[in-house]
Amino acid sequence: MAFANFRRILRLSTFEKRRSKEYEHVRRDLDPGEVWEVVGELGDGAFGKVYKAKNKETGALAAAKVIETKNEDELEDYMVEIEILATCDHPHIVKLLGAFYWEGKLWIMIEFCPGGAVDATMLELDRGLTEPQIQVICRQMLEALHYLHSKKIIHRDLKAGNVLLTQDGDIKLADFGVSAKNVKTLQKRDSFIGTPYWMAPEVVMCETMKDTPYDYKADIWSLGITLIEMAQIEPPHHELNPMRVLLKIAKSDPPTLSCPSKWSLEFRDFLKTALDKNPETRPSAAQLLEHPFVSKVTSNRALRELVAEAKAEVLEEIEDSRDEAEDDDSSESASLPGKHKRDPSEVSQLSFDGDKPPDSSSLKTTNGPVATEKEMVNGQSDKVLDERISSDSDKLVNSHSTKTLASSGPDEGKATPGKPDIISLSGRRGSSAEGDKQPMPGSKERRSMVDRPESSHLENFPEEKLANGSLDSSAVFPGSRSKGDSDSGSTSASESMDLTISLSADLSLNRESGSISLKDSRMHNKTLKRTRKFVVDGVEVSVTTSKIISEDEKKDEEMRFLRRQELRELRLLQKEEHRNQAQLNSKHQLQLDQMLRRFEQEMTAKKKFYDTELENLERQQKQQIEKMEQDHSLRRREEAKRIRLEQERDHVKFMEQLKQKKKEVKNEVEKLPRQQRKENMKVKMDDFAQRKQTMEQDFLAKQKEDLELAMKNITAQNKKEICDKERECLNKKQQLMRDREACIWDLEERQQQEKHQLIKQQLKDQYFLQRHELLRKHEKEREQMQRYNQRMIEQLKIRQQQEKARLPKIQRSEGKTRMAMYKKSLHIHSSGSAAEQREKIKQFSQQEEKRQKAERLHQQQKHETQMKDMLAQCESNTNELQQLQNEKCHLLIEHETQKLKSLDENHNLHMKEWRDKLRPRKKALEDELNQKKREQEMFFKLSVEADEQTPASPVKHTKFIPFSSTESS
């Protein structure tokens, strides 16, 4: 179900799927086999193999990184690496010679470095680097990092396996498979990616928390860890499982050198400065270039010596120094010393994708006289097997090497700063000599180098007598278990016969510790001597390395291989997690962009709708006003016409009345006597004419006044109607504006809620992916732990079977020796008859049988106890792992809860601020609308007042015919 949800999260729509695209630096039209010829294999990694290739035209060599891809989308995972290699041009960074995509395989052709990787060189030489060599490498790495960081590139996987050596004694940084190319200078990253042992604390924290991203200073931490790795072969905490080292890095103090006294103060100060857990105070590459440890480096001679030594012809010699005192039933033949030459080793060219595991070898070269063929370490080859989960592999603790200059050189006689402590044991037999005493005459000097990177057990180691000439590993390493609890032995310390007590004590001690017999101890006294001769700057240098050959050499290789496999599996998970994270981020960004586009479209549509409504309302208003004005004009004309017609009729009536009055005046005059008629007629008619004119003027004035009043009333009524309509339209318009703003506010609120829900869901998807990836990682860790526990149990079973098979031989050998010594003792102290002696011998034999039976029972009980302890330890390892995983899951869930809570709180705060800002917006809108309403009212009021103050416009009157006296006559 969870996987289905996970697939749903990462599922993209059909139109969202990215089509195959062309990449700038990758050629698709050319078969790389036509240009390059594969001449060998350099290594393999989590994502493919690395081959040595030769250009068919120029003959130039390249490291061909071949990666099989299932589909086109996987190409995107490698484009960052190709782009970085193509754009970087620096003498200490590998160059890209070409990239091809052909038949589902991606070929990345990288500059070939003959010196190989630094970690492979250390394994080849069985020692760490000297301080001068580390100084040169550090200087050149800082220059490369300064260049990368100036290009906004974070390497994110610095380690010795990704530092390649050239033939000229320079280094080149490689493997940008997990590097990040930023867009901004101050951009930070939150991807949990890299190799655990070299991870900076801030990168480790990103496994469960993305709130504390890191920047380019994570490379500075990895640089410091790499320097410790070069000094000690292994990085700090290499004895821990990769899953536990992350917790160690996050919670522990910054790591330091295991033996600080062997290194210069400047080196220690440089590491202290670089390994600062606070990235804010951690210096940059440019600042570290000014540090005294690297500022004075001017020559790369030390690296040229290193490359020449690693590539020199090797003369191997195997010595087999067996004790002369052979057991009677020893049936194994001695191995004869043999010599053979070995071609210069093919050191691994490239740490493919950075998955080289920490190796278990901890050998270092010291300056001293050339070892002779008879030089042997007095003792046994002890390799301490750490049975805890933190164990990395068996440690080879007895080895030594010498370096001799055939001709004097500038560095002759200088002590190596990083040489390990040395235990000097003098004398073939007897007690060890004190450090300031000369060895006994005829004895040979033995040197045993013991170097444990994780702790310095040999510092201030007290000089003590070695009983019977044997050095028990438990005395050298307190608290550590001897190899297999069964592989240490003791050598007879004297050829005298008075050894009953000491021999018995030795044998019982060895049986208690599970050690092997005298004969078996001699099987481990094989010494492999490697002599390398090379010339640097005209100086011939001879380096001889000696180490004890152990049965567990294959076991070391197997442990290294298994650890490499574990890191590869972790790297694959990281890569897949990174890809899934990128896909999810891309999907989330696409969702967010789509949502924002939809929001914008919705907002635009709403605004457009209301703008259209406003336009329609204004247009409708304009049309209505125009129609009203037209109607008013028409009404005015019609009303004026009607009034004029009525006035004309009234005027006609009035004129008729005047005519009638005129007739009445004439009739009155005619009633007068004839002699008075003429004068009276004239007076009466003049008077009537005056009255008629006055009456007509008054009548016309009244008609005019009535007409003007009627027109004025009509105009006022029209204005009132238009004003009402304007008010109505303004109210509608303002209501529409209110609706528009309210809709916009509701839409804003809904969009913010929707955006919050999307971001919240995306955050849940993000943590779901993190939980999914964390559970996958935990499942892989449990699988690795189960394999580890199974290996420990199988090794214990094999060791116990070997002990069980050896015990009868030990008992037979011991029984014969004790019987011979007892008979010799009876012969020396002869008392009693032969029968008594035979009876004593019989009793002694019976006691021996009882003792041997008790030993076998003791061994069985010890094996059962060991198995119980081992099973308990395995269960403890599993429980501890489960507890760590539960803590991580709990931390992730707790962080998710806090993140969701913080997201909700921020959203609520944002909405509160938005609502607080909404009130002023509403008030501003209402103020604006009220202001427009007041302006309109003021406009109408002023218009009315203006109409009242200004005289009425002249009215076009009817063409009244003025009444005149001529007409009346």
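Backbone N, Cα and C atoms are what each Cβ position is placed from, and that goes for glycine too.
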>> Of the residue ranges 901-923, 947-969, which one carries the region 'Disordered' annotation in Swiss-Prot?
In response: 947-969
> Per residue, counting other C-beta atoms within 10 angstroms of the C-beta, which of the binding-site residues Leu42, Asp44 reaches the highest number?
Replying inline: Leu42
> Where does the mean pLDDT land for the coiled coil (839-919)?
Replying inline: 89
> By a simple count, how many Cβ atoms lie within 10 Å of the Cβ of Val50 (ATP binding site), its own Cβ left out?
Replying inline: 22
> How many of the residues that make up the region 'Disordered' (828-863) does DSSP mark as helix, as strand and as coil?
Replying inline: 31 helix, 0 strand, 5 coil
